[in-house]
Amino acid sequence: MSFSPASSEPHDAPAAAGSSVPASRSIAERWKMEAAPIRARLLLRAFAWLFSLLALVVMATDVHGRGGAQDFSTYPEYNYCLGMSIIALLYATAQLVRDAHRLSSGRDLVAGRKAAAVVDFAGDQVVAYSLISGLSAAAPVTDYMRQATDNLFNDSAAAAISLAFFAFLAISLSALISGYNLSLEAIV
């Protein structure tokens, strides 16, 4: 039981006899509070999916001219960034399907709450670090090429790197929520 600073009455105290106002929060209010991190994580993963898809499309279509210096596949750093965007897209897709199933049916596809919390946290961490690794490999190449010339190829590469960064932000914020959920599972 916890006490309110304004009064000495506990929050979980039963309602007074004959009173229609309960002293504790209702079950619906508690359910809404417990579901807020789940909905926030679902929204963040949807953003990660969108930004990963856009980064993948922009990078994969960054072919200006007939090969040579203006083709993303010429640069291993861009291929690495593209690969990390693909991994993030696949991970976000799997997690979105899993979260949607969890919200609709009330059951998780991963057996055990603690195992599911570990999968969420570890997966978010690995994918977030992979994304930041991919975009940090591609950013210096784009910066170096922009010093020589500023063209559509460099602008498209910079846009893809920025979108990968936004996907990283969404997944890393999702990792914070997953870490919070994992800490609750470790306590319970």
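Glycine is no exception: its Cβ is also placed from the backbone N, Cα and C atoms.
Each of ARG41 and MET145 belongs to a differently named topological domain in Swiss-Prot, hence to opposite sides of the membrane. Taking ASN154, ASN181 one by one, Swiss-Prot attaches N-linked glycosylation site to ASN154. Under 8 Å from some Cβ of the transmembrane segment (43-63) lie the Cβ atoms of residues 70-73, 78, 81-82, 85-86, 88-89, 92-93, 95-96, 99, 131, 153, 156-157, 159-161, 163-164, 166-167, 170-171, 173-174, 177, all in the same chain and six or more residues away from its ends. Taking a C-beta cut-off of under 8 Å and a sequence gap of six or more, ASN154 (N-linked glycosylation site) has these contacts in its own chain: THR142, MET145, ARG146. For the topological domain 'Extracellular' (136-156), the mean pLDDT of the prediction comes to 88.
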